[in-house]
Structure formats: C-alpha cells, structure tokens
Amino acid sequence: MRMEDEDYNTSISYGDEYPDYLDSIVVLEDLSPLEARVTRIFLVVVYSIVCFLGILGNGLVIIIATFKMKKTVNMVWFLNLAVADFLFNVFLPIHITYAAMDYHWVFGTAMCKISNFLLIHNMFTSVFLLTIISSDRCISVLLPVWSQNHRSVRLAYMACMVIWVLAFFLSSPSLVFRDTANLHGKISCFNNFSLSTPGSSSWPTHSQMDPVGYSRHMVVTVTRFLCGFLVPVLIITACYLTIVCKLQRNRLAKTKKPFKIIVTIIITFFLCWCPYHTLNLLELHHTAMPGSVFSLGLPLATALAIANSCMNPILYVFMGQDFKKFKVALFSRLVNALSEDTGHSSYPSHRSFTKMSSMNERTSMNERETGML
C-alpha cells in the first residue's frame with residue numbers, strides 16, 4: 001500500500017502488503033481525490049457488467065450442458081470452464097461492494113481469505129482448462145486414430161479433477177497470508193506476507209522492510225505468472241501453431257475461419273492477462289517506476305483480466321459453427337455449439353441436437369481434421 005512516510009508506522013508496509021488487484025484491492029493514494037473517485041466508479045461499473053454478463057452467460061452454459069446435452073469430452077471442458085467462471089462471477093459482488101465503500105472491508109477475516117482464494121483458484125482453473133482444451137484439439141489433429149480410441153468422457157473428468165486440485169494448491173497461499181486490519185479508520189483486506197500483527201513491534205516499518213515477507217511476496221507473484229500465464233500461453237500458442245501447420249500441410253483448411261478463431265483465442269487470452277501479470281511483476285521493484293503508473297495501470301489491467309471470465313462463452317461457444325447467423329435463436333446456437341465434438345465445424349446451426357449428435361458420431365476422420373479449430 002502506498003502511504004506517505006510519516007504515516008507508514010501505522011499502515012501496511014509496501015513490501016509486506018501485496019496489493020492483489022485481482023480481488024479489488026486497489027490503492028489510490030497516488031491519485032488526486034477526483035482521479036481516485038473516477039477510478040473507483042469505473043471499477044464498480046466494469047465489475048458489475050462483467051458480473052452480470054458472466055453469471056448470465058456461464059449460467060446458461062451450465063444449465064444447457066447439464067440438462068440438455070449429451071455428455072461428450074468437449075462438453076466436460078465447456079462445463080468445467082463455465083463453472084469456474086461462474087464461481088468467479090458469483091463472488092464479484094463482494095468486491096464490488098468493497099470498491100464502492102472506498103475499500104472498507106466489512107465481511108470479516110474468514111471471508112477475506114475465502115473470497116480471494118476462490119478468485120485466484122478461478123484464475124488457475126480457467127487457465128489450465130483453456131490449456132487442456134488447446135492440447136486436446138492439437139492431439140485430435142496430430143493423432144486422430146489414437147484420439148478416436150482413447151479420448152473418453154471419463155478421462156476428461158479425471159483431467160478436470162486434477163486441474164481443480166492443482167489450482168487448489170496453487171491458490172492456498174491466500175488462505176494463509178490473507179488478513180484484515182484497521183488502517184486509517186478503514187478495515188483493509190490484504191496479503192500479510194510477514195504474518196505479523198499490524199502496529200505490533202514485529203510489524204516492519206517503511207525503512208525496515210521484512211526480507212521474509214518480501215521473499216514470500218516474490219515467490220507468490222512469480223509462481224502466479226509462470227503457472228497462471230507464461231507456461232499456459234506457450235502451450236496454447238504451440239498447440240494452435242501445430243494445428244495451423246498440420247492443416248496447411250495437408251490442405252485441409254478450406255476457409256480462413258479456423259485461423260481467425262485461433263488468432264482470436266490466443267490474442268484475447270494474451271491481452272486479458274498480460275498487463276495484469278506484467279504490472280504485478282514490475283511492482284516487485286516498485287521504486288523504479290512512479291506510483292501513479294500502478295495506481296492507474298493496475299485497476300485497468302485488473303478490469304481487463306476479470307473480463308476474461310465473461311468472454312469465454314463468446315470465444316468458445318458463440319464463435320463456433322455458424323454462430324453469426326442472426327436468424328437462429330440463442331438457445332439453439334448454444335445447443336449447437338456445445339454439442340460439437342472436437343474437430344467438427346461444418347454442421348448448419350439450425351439442425352436439432354438429436355440429429356447433430358448422431359452425425360457427430362458418424363463423422364469421418366478427414367472431417368475431424370478439416371474442422372479442427
């Protein structure tokens with residue numbers, strides 16, 4: 001938290017309080033009162049829009065996938081992705097309230113830990129699911145026969161279980177370090193990496209930054225960057241580049257549409273998360289840059305990052321087969337997209353789910369490669 005030096009003994013030291021902007025911990029002391037107010041209003045508006053669209057879009061996907069669709073491997077991916085994003089959006093109102101109340105936390109220490117844990121857990125779960133979707137599609141293109149024989153719903157559920165457990169462990173620092181404290185008449189929800197009590201003799205001052213707390217801060221930040229962004233982006237990019245090369249070499253791509261979808265998926269994911277992780281890495285060496293860069297940049301980067309939770313239904317469903325045909329009802333479009341098996345992209349969107357399911361099962365290997373996204 002950026003405080004004036006004379007106030008620092010009664011506040012959270014910068015090296016100890018990790019301003020986790022993903023859950024609305026936005027510190028605006030480097031901004032003018034007007035700028036700070038405008039920024040808070042902006043965040044409340046953006047978070048509210050994301051919350052509404054995310055709950056509506058992901059909720060609709062969950063309902064259709066659970067009650068209307070035949071269980072396929074793709075269905076398992078889409079369902080888990082929607083559940084992860086839905087949980088993220090459900091807890092956004094807490095952080096919308098936090099921002100609206102000028103960052104005064106009224107929900108208690110336990111909820112401070114749990115809410116942040118769920119948000120970070122969603123980040124890892126969503127990223128890992130997007131990665132496994134890309135890997136699954138790549139394998140289906142490179143090894144169609146193996147994929148046909150070994151790709152099963154049971155295996156997909158097992159993979160999702162591993163993803164959720166792995167995300168749990170990577171998010172567990174929030175349950176340990178998350179804390180609340182009364183600072184300047186407000187209750188703050190923050191990361192207390194020194195695990196000391198604010199205001200106590202063990203609480204580090206501005207000139208006496210806790211090296212252990214800073215080390216923990218660095219480990220958490222770098223781990224989130226590597227596991228939650230860099231490695232998944234490299235895998236996703238490699239998968240789709242491999243798919244593009246395979247389709248071009250075999251001359252299976254009849255249109256440019258699959259390539260547009262591939263580019264859109266990669267660029268959108270990169271744009272949503274790159275600013276957030278980059279600024280958090282730079283913040284480890286915050287003295288090298290003006291505080292206003294983080295006060296303005298991190299809220300904007302955070303808004304962009306959380307927007308990914310409501311973009312996924314658009315990118316992975318509405319950009320599917322023939323979704324630009326306005327005459328088709330929304331429900332039919334969702335059913336059509338969610339019933340697609342990996343590699344199918346040539347069915348008219350007005351066909352019924354029953355007919356599509358039977359056709360999916362009879363589709364040849366060549367069609368699977370041709371339509372692979």
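Including glycine, each Cβ sits where the backbone N, Cα and C put it.
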Same membrane side per Swiss-Prot: V106 vs V293: yes
C189 - recorded disulfide partner, Swiss-Prot, among C112, C245, C272: C112
Candidates 42-64, 155-176, 225-245, 262-282; stretch with most C-beta pairs under 8 Å toward the transmembrane segment (76-97): 42-64
Which of 42-64, 155-176, 262-282 contacts the transmembrane segment (225-245) most, counting Cβ pairs under 8 Å: 262-282
Cβ-Cβ distance under 8 Å to C112 (disulfide bond), same chain, at least six residues away: W105, R178, D179, T180, C189
Structural state of N192 (N-linked glycosylation site), classified by DSSP into three states: strand
